[in-house]
Every structure is written in C-alpha cells, then in structure tokens.
Amino acid sequence: MAVALEKSAPVAGVRRVGRRTVVAAILAAWLLLFVVLRGKQTLTLAAADLTDLHRWFNDVNDSIGADRNSNPLFLYFFNEIRLVIDNLVTFVQHLISQPPAGRPVPQIGWLGVVGIAGYVSWAVGNWRVALLAVAGFTFLGLQGLWQESMDTLSLTLSAVLVALLFAIPLGVGAGLSERFNRIVTPFLDFMQTMPTFVYLAPLTLFFLIGGASATIATVIYAAPPAIRITAHAIRSVPETTVEAAESLGATRRQALLKVLLPMSKRTVVMGVNQSIMAALAMVTIAALIDAPGLGKTVVQALQSLDVGTAFNAGLAIVVMAIVLDRVTTAAGAREETARRSKNRLLTWRRPLLGVGAVVTAVLVYLSHTYVWAAEFPGEGSIGGSIASAADTVTAWVQDNLSGLTNAFRDGITNGLLNPLQTLLTDSPWWLVGAVLIALGAVLGGWRAGVTTAVCVGLLVGTGLWSDAMTTLASTLVATVLVMLLGIVLGVWMGRSMLVDRLLRPSLDAAQVMPPFVYLVPFLALFGATRFTAIVAAVVYAVPVAIKIIADGVRAVPGTTVEAAVSAGCNTWQIITKVQLPMSCGALTLATNQGLIYVLSMVVVGGLVGAGALGYDVVAGFSQGQLYGKGLAAGLAIVLLGVMFDRITQAAARRASA
Amino acid sequence: MAAQVRQWRTGTVGAAVVTVLGLTLTACGGAKVGDDSAGSGSPGKCGTFNLAVNPWVGYEADAAVVAYVAQKDLGCTVKKKDLKEEIAWQGFGTGEVDTVLENWGHDDLKKKYITQQKTAVSAGSTGNKGIIGWYVPPWLAKAHPDITDWKNLNKYASEFRTSESGGKGQLLDGDPSYVTNDAALVTNLKLDFKVVYAGSETALIQSFRKAEKNREWVIGYFYEPQWFLSEVPLVKVNLPAYTTGCDADAAKIACDYPVYDLDKIVSVKFAKSGSPAYRLVKNFTWTNDDQNTVAKYIAVDKMSPEAAAKKWVEANRDKVDAWLK
C-alpha cells in the first residue's frame with residue numbers, strides 16, 4: 001500500500017507539471033501567432049447582416065406562419081396540445097386567480113387559498129412550514145399583489161404538473177437504462193442552455209399567444225432538472241436491494257413499483273422542488289408573451305424605470321419561491337422524521353388531519369361566498385412602502401457610489417476584458433479554434449477534445465463566430481469574478497455555521513429575484529456596458545458557486561484540519577494548504593456551474609449593453625428579419641455551454657481520480 | 001411529556017375550530033359574492049376587443065385611453081395583451097389580436113402581414129408624428145450649442161469615448177426593435193463614431209438620465225413622442241435633411257430619418273366585423289402632446305393606466321366624442 005502510494009505520487013506530479021507546461025506552451029504559441037496574424041480571417045458580421053443559414057431559418061419560420069390554418073400537423077397535433085394545456089391553465093386560474101364567467105371573483109378567494117396552503121403544507125410537511133406558508137401568502141396580499149401572485153402560482157402549478165407528467169417517466173427510464181440516459185442528456189442540456197428568448201416567438205407561432213404558450217415555455221425550462229434528479233434517484237438505490245427483491249421473485253415491474261420508486265421518493269421530491277424553482281425563474285420572461293402575473297408587473301415597471309414597483313413584485317416572487325421551496329423540502333424529509341419520532345403522535349395524526357380538512361373546507365366555502373374573504377382586504381400599503389424604500393436605497397446608491405464604480409469598471413474593462421476580447425476576436429478563427437481544441441484535449445482528455453472540435457465547427461457554421469468570441473471573453477471574465485467571490489465567501493461560509501445561516505437566505509433571494517429588477521440600478525452604476533452585463537451575471541451565478549465551495553470545505557474531514565492545527569498551521573495555512581486543495585473537486589464543479597449560470601445570463605446582458613450573442617438573440621425576438629440570426633445566436637450559446645461543460649466535467653473527473 | 005403534547009394539540013384544534021366558527025358567524029353579516037353583480041352598464045353588442053399593448057409607455061397611453069373609452073362608452077370587454085410588435089402582428093391571423101394602435105413604419109411587417117398574408121389592414125393615422133434621430137442631453141446642447149449640427153460631431157468625438165467604443169466616439173442605440181439606420185449613417189457621413197447597442201429602451205433612458213444629472217457626454221438614438229422628454233428635454237442633433245427617396249438604399253443612407261406618420265393596424269376580420277370598437281379605433285386621433293400627457297401620468301406620476309386615461313378623457317370630452325361619432 002505504502003509502496004504503491006510512493007510510486008504513484010511522483011508519476012502524478014510529473015504528469016501535472018507536464019500538463020501545465022503544455023497549456024503554457026499552447027498559450028504562448030497563440031500569443032505569438034496573434035501578433036503576426038492579427039485581424040485576418042476574423043469572420044466578423046455586422047449587426048444587420050445575415051448569412052444564408054439565417055435567411056433559411058427565416059423562410060422556414062415564415063412558411064410555418066403562412067399555412068398554420070391549413071396544415072394538418074397544426075390542426076390535429078399542435079392545436080390539440082394547445083387546447084388541453086389552455087384548458088388546464090384556465091381551470092386553475094378560475095379556481096384561484098381569474099373570475100370565471102358569471103362571477104366577479106375566482107372560485108376560491110384569498111382566505112381559502114391561505115387555508116389550503118397552510119393545510120397542505122402541514123399535511124405533507126410539518127407545522128413550521130405551514131406557518132411559513134400562511135405568513136408568506138398573507139404577505140403577498142399585504143404587498144397589494146394578491147391577484148398577480150395567484151396568476152403566477154396557477155401558471156407555475158400548471159407548468160410543473162405538465163412537466164412532471166413527462167419528467168418522471170423519462171427520469172425513471174434514464175435511471176434504469178444507461179443507454180437511454182446517454183440519448184436524453186444532450187436534449188436536456190439543450191433545453192436548459194438554449195435561451196428562452198429564442199423559442200418564445202416560435203412558441204406563439206405554434207401555440208398562439210396566451211396561457212398555453214407561456215406554460216409550454218415554462219415546461220421546456222422546468223422539466224430537465226426533474227428528469228435528471230429522478231434518474232439520479234433511481235440510480236442511487238443500492239443494487240443489492242434490487243437484487244434482493246429480484247431473488248425473492250419480484251418481476252421487473254414489481255421491483256420498480258415496490259422497491260425503486262418508494263426508495264427514491266425523497267430524491268424525486270427534490271426534483272419537484274428544482275422544477276418549481278426553474279418555473280418561477282421563467283415568470284418574467286414568459287411575461288413577454290403575455291403570461292399574466294408578477295412577471296408582467298416587473299416588465300411594465302421597467303418600461304418607466306420604476307425600480308420600486310419592480311422590486312416589490314420581484315420580492316413577491318422571492319417570497320413565493322421560498323415558501324414553495326421550504327414546503328417541498330419539508331415534504332421530502334417528512335417520512336424520515338415521522339419514522340424517527342414516536343408512534344403516539346402518529347395515532348393522533350389522522351384525526352388531526354381530518355379536523356384540518358374540515359377547517360380548510362369551511363375557509364374555502366367562506367372565501368367562495370363572502371366578499372370579505374374573497375378579495376384581499378386593504379390597499380396593500382406594505383407594497384407601497386417597500387417600493388418607496390427600494391427607490392430610496394437605489395437613489396442613494398446611485399448618487400453616492402457611481403464615482404467608485406466607474407473606476408472599478410474601467411479597471412476591469414481595460415485591464416482584463418478588452419485584451420482578452422481582442423485576443424479572441426482579432427485572431428484568425430482557425431487559430432482560436434485550434435487553441436480551444438488543444439486546451440480541451442489537454443485539460444479534459446481526447447473525448448473532450450473531439451467535443452470541442454465539433455462545437456468549434458458548428459460555431460463557425462452559425463455565422464456568428466466573432467460575436468461568439470466577444471461573448472466568450474465576457475463570460476470568462478465573469479466566471480473569474482464568480483470564482484474569486486465564490487472562494488472567499490464559500491470558504492468563510494464553510495468554516496462557520498453562523499455565517500452560513502446569515503448568508504444563505506440572501507443567496508437564495510439572489511437566485512430567484514428576477515434579474516430584470518436589478519438591471520436599472522446596475523445601469524445607473526455602470527452605464528450600458530459589457531461590464532454591467534458581467535455584474536448581473538455574477539450576481540446570478542455566484543450563489544451556486546458559494547454553496548458548492550462551502551459544501552466542499554465542510555466535507556474536509558475534521559481530523560485532517562485538527563492534525564494541521566496541532567502541527568502549528570495558522571488559519572491562512574489551513575485554508576490554502578489543507579481545505580482548498582482537499583476540496584479540489586468542489587472547486588471544479590463550482591467553476592462548471594458558475595460558467596453555465598453565467599452563460600444563461602448572456603441574453604439578459606444583451607439588454608444592458610453587452611452586445612454580441614445576447615443582443616442577437618434579443619433582436620431576433622424583436623424583428624422578423626433577424627429571427628434566423630437570433631436562432632443561430634441561441635444555438636451558439638448552447639454550443640459554448642456544451643463545450644465548456646464537457647471540458648470542465650472531464651477535468652473534474654481527472655482531478656478527483 | 002406525551003400527555004402534554006396531546007393536550008397542546010387538542011388545544012390548538014379547539015382554538016382553530018372556535019376561530020372558524022367565529023368567522024362563519026361574523027360572516028353572516030358580510031356581503032355575498034354576486035350581490036352587486038348588476039355592475040356598471042351591461043356589456044353591449046361590442047363583445048370582446050383584443051388590444052395589443054407594445055412595450056413602450058407612449059403606446060401604453062394610447063391603449064389606456066382607447067380601452068377606457070371602449071369599456072365605458074361602448075361597453076366592450078377589452079382584453080389587453082402585452083406583446084412585442086412582431087408577436088402582436090402574428091396574432092392578427094390567429095384572431096388573438098384585433099388592433100395594434102401605434103405602428104412605427106415597420107415596412108417589413110406591413111409587407112408580410114398586409115400584402116402577403118392579407119391578415120391585416122391599416123386603419124389610418126393616430127395623428128402622432130414619430131420623430132427619430134440623434135439626441136444629446138440639454139446641458140450639453142447649452143454648453144456647446146454647435147453640437148446640434150452633425151458636421152461638428154467629429155470635433156467632439158473624443159469626448160464621447162467610452163470603455164465600449166474602442167477609441168472612437170460612442171453613439172448609443174437602444175432596443176433592437178427600433179427602426180434604425182445608425183450604423184450606415186456613421187459610415188456614410190464619415191463620422192469618427194461607433195454604434196454601441198444598449199439593447200433596451202430602459203438602458204437608453206437610464207444613460208440619458210444619468211448623463212444629464214452628472215453632466216456626462218452622451219449622444220444616442222431617441223424618439224418623440226416619449227414621456228421621458230417631459231423629464232429631461234433632450235435636444236435633437238440635425239443630420240442632413242430628409243428628402244424623399246434618400247433612404248431608398250439601406251447601405252447608402254446619408255440623411256435624417258423621415259417624420260413617421262404613426263398609424264393603426266387592425267386585423268381584416270376585425271375591420272369587417274362591424275364592431276363599434278372598430279369605429280372607435282378608426283376614428284381615434286390625437287396629438288403628440290395629448291399622448292405625452294397621458295404617458296407622463298403613467299410613467300412619472302405613477303398612476304395606473306385606467307386612472308390616467310380617466311383623467312385625460314374627463315378633461316377632453318370633446319375629442320373623445322368626436323371619436324364616437
């Protein structure tokens with residue numbers, strides 16, 4: 001054992017040094033060739049110019065639009081889907097948010113909804129989350145956003161329901177069969193990285209304007225996490241258990257229904273949770289095709305730069321997300337807690353549930369019948385105060401910090417972003433492509449190299465090479481900032497439970513708060529620049545990096561840290577010599593996730609001056625003749641995402657091996 | 001211990017039941033849903049009127065007033081749909097959109113939906129004059145009056161440099177759905193500027209607002225009628241005058257934008273329906289000042305669109321009556 005260790009250590013050392021030298025050599029060669037070949041074969045394309053591919057996309061789009069009333073595919077397929085989903089959405093809306101025909105208010109008023117929320121949370125979780133649910137929902141009403149919130153809730157619930165209908169069977173399939181999993185994964189990647197803006201316009205073409213299109217857009221984005229997590233849950237059921245069931249004579253079907261599914265139930269509930277969170281992230285985007293709810297308030301407030309109102313609505317989304325997140329998490333953990341607690345409480349549970357049901361039914365009846373229980377009382381004055389407080393804070397920050405922030409912006413832009421962007425966009429495309437492929441192969445192995453080569457080829461094919469390289473430069477800078485912040489805060493959080501408890505809620509909020517809300521203050525601070533886009537991306541991506549790194553640091557065995565302390569290491573040495581090197585896997589994973597999250601913000605960046613691919617996508621959504629180009633830009637973003645995901649994952653596997 | 005828990009639990013249940021009972025009892029006096037369903041004015045023969053609302057405040061003002069009149073005077077059920085232009089026009093064919101109230105040129109959309117697909121027709125002018133051009137903040141025009149002539153722009157180019165413009169002056173453009181020739185203009189007028197795309201109207205307005213407040217150098221695309229001009233009266237820079245046909249070749253444009261006659265577009269089906277809402281849309285005209293007033297109510301005074309429309313309609317009953325004839 002000891003001999004083996006001694007033998008392998010120097011070999012690994014040589015290999016690592018070797019890899020570093022190779023990377024350095026590649027970069028040096030790039031710089032050298034850049035100086036010689038600068039500005040040649042850069043494949044630039046002006047903002048209004050199109051390639052044949054873009055025009056072809058346009059033609060396809062037009063021809064679909066032109067014969068949608070005669071095409072049988074529409075009449076018998078898309079229209080049917082639309083009808084079913086539209087009915088589902090309208091049904092839920094009539095229950096809680098929109099008045100059905102003949103009634104001035106929805107079937108169930110606020111008191112009933114609050115009652116149901118409390119009762120369901122208690123039944124599937126515990127009384128603590130029930131209290132949270134009641135408080136959270138009441139707060140939405142006090143914000144003056146009851147109806148908007150219920151619209152958002154009905155859309156979210158419908159979308160998650162539809163998503164799970166597909167996601168659970170697909171997830172089970174992917175969990176049972178490695179081959180099926182390998183087929184599904186690229187599609188899931190595609191669904192998650194393709195910017196929503198790209199398919200919003202085509203969706204309205206297929207499914208018309210309104211609830212159905214908004215729901216389907218949300219389903220596309222919300223299903224992949226549920227599929228992945230379900231598959232993961234099935235896969236992590238111990239093989240011995242399944243074998244035991246099979247040796248007792250269970251059929252495959254029985255093994256699935258009686259062993260695999262029950263045993264993975266807890267993790268599947270986590271998938272539902274992730275699905276809900278993803279659906280809520282789509283609220284503002286779906287508002288662009290007339291989805292009702294809080295997103296609409298955010299988008300409209302933004303037109304007149306009304307940060308306060310936008311923040312108030314954004315906060316309502318955060319509150320709803322926190323309630324739904326905690327309730328589903330508690331639901332996932334409930335059975336385990338119940339098993340551990342004494343049986344005596346369980347005997348009381350049934351009658352209590354019955355009583356609760358009766359109370360809820362009475363509340364629902366009241367809210368159905370009486371106006372005071374149907375319409376949320378009061379003017380929502382809390383919302384007004386929140387809005388004006390947010391305005392005040394924004395104004396103060398804008399007035400007092402903009403000098404500082406400009407210096408910071410110019411420093412990063414001139415020192416880091418511009419040189420990197422010049423290097424990427426002014427080098428010939430084949431040189432950058434070769435460097436990317438070489439780096440992919442060296443860092444991630446030959447498989448990653450091949451993936452990179454394919455992606456580079458397709459990127460050239462999209463006709464947007466130069467824009468892709470501009471976006472790449474911003475993405476890399478943003479990822480570097482994410483990792484810097486992530487390491488500092490992640491290590492701090494990982495070392496102290498108190499810091500963790502203080503920071504975690506704001507991290508959750510930063511992930512769920514629609515980016516549209518903080519764009520206006522950021523614009524005031526940094527102007528319409530690429531840097532503003534970078535800051536917005538960092539805010540969105542840094543929470544996930546922090547959480548992963550904190551977990552990694554916490555996973556370092558306490559005994560190792562104690563040994564280092566007793567050997568006389570100070571805090572700095574413990575962090576740099578023990579905790580960080582030992583959480584290397586977590587760091588690579590954080591980089592991977594950070595990059596993917598940053599890429600998902602490219603389009604939002606396009607709204608605040610980042611230009612390049614983000615702008616192309618937004619333009620494609622806004623102008624008919626740029627539709628094809630927007631689609632190509634969306635594909636380019638997916639390609640960048642796939643390329644970096646594969647390289648960093650392969651690198652992570654090597655690092656942990 | 002267990003007994004204590006049990007007692008506590010029964011206690012809560014008791015309390016809950018009592019509360020609910022109490023609520024039910026007090027509720028007996030409350031107003032029942034549907035009691036006042038008579039409402040104001042039964043829905044007339046107008047039926048449902050689908051009105052697209054494109055994402056800028058001026059349009060919202062148009063839509064607010066038309067919707068208010070259609071609802072109050074004609075008894076229509078107005079369905080407002082928040083959509084971008086391209087998507088709104090798409091809705092003409094599927095019957096989901098009846099009217100787009102403020103169309104800015106958009107010859108491409110006219111060609112596609114009016115000429116080719118024949119799902120839409122123009123319903124005449126809104127009376128608004130759309131002016132597009134390059135604007136500078138008021139402080140700059142005051143400090144350097146000659147800046148409003150494009151010939152002097154190169155003199156100041158270096159002042160407009162930013163981190164985004166690569167050593168040239170920055171000309172800021174906004175939302176990608178704007179009608180713009182700026183890239184061609186910069187080239188053809190041999191200006192030492194680079195067009196930088198802010199990407200959204202929000203970004204554009206925030207840039208101008210900040211520039212006026214901190215006396216920064218900014219020049220960019222903007223348009224009238226626009227509520228923001230009542231907050232910061234931007235000054236237009238004169239480009240070579242527009243002459244008919246000077247914008248025929250997109251790549252060679254070297255003249256100012258034409259003054260757009262903003263018009264209303266309706267679906268063919270709606271135009272033939274004989275709905276009183278169609279007559280309202282057809283007759284609807286007002287001035288840039290009218291629109292700016294309502295837009296200011298919404299954007300600056302933060303009134304709801306309905307309240308803003310009500311205020312304007314009550315003050316301008318004569319104009320509204322003319323639309324209803």
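The backbone N, Cα and C atoms fix where each Cβ goes, glycine too.
Unlike curated records, TrEMBL annotations are generated automatically.
The transmembrane segment annotation in TrEMBL covers A:21-37, A:130-146, A:153-177, A:197-223, A:268-289, A:309-331, A:352-373, A:429-460, A:472-495, A:515-542, A:595-614, A:626-644. Look at TrEMBL and you will find A:149-328, A:468-648 tagged as domain 'ABC transmembrane type-1'.
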### Query
So what's near the transmembrane segment (A:472-495) in sequence-distant terms, Cβ-Cβ under 8 Å and 6+ beyond its ends?
412, 416-417, 420-421, 424-425, 503-504, 530, 533-534, 537-538, 541-542, 545-554, 575, 579-580, 583, 587, 590-591, 594-595, 597-599, 602, 605, 610, 612, 640
### Query
Which range out of A:130-146, A:309-331, A:626-644 gives the transmembrane segment (A:429-460) the most CB pairs under 8 Å?
A:626-644
### Best-contacting stretch, by C-beta pairs under 8 Å, relative to the transmembrane segment (A:268-289) and drawn from A:197-223, A:309-331, A:352-373
A:197-223
### Query
Against which stretches of its own chain does the transmembrane segment (A:130-146) lie, if we need a Cβ under 8 Å and a gap of at least six residues from its ends?
110, 113-114, 117-122, 294, 297, 312-313, 315-316, 319-320, 322-323, 326-327, 376, 378-384, 386
### Long-range environment of the transmembrane segment (A:626-644) - Cβ separation under 8 angstroms, sequence gap at least 6
48, 50-51, 53-58, 61, 186, 189-190, 193-195, 197-199, 201, 436, 440, 451-452, 455-456, 458-459, 462-464, 467-468, 471-472, 475, 592, 595-596, 599, 602-603, 613-614, 616-620
### Message
With Cβ-Cβ distances below 8 Å as the criterion, list the same-chain residues six or more beyond the ends of the transmembrane segment (A:352-373) that contact it, or say none.
### Response
105, 107-116, 118-119, 122-123
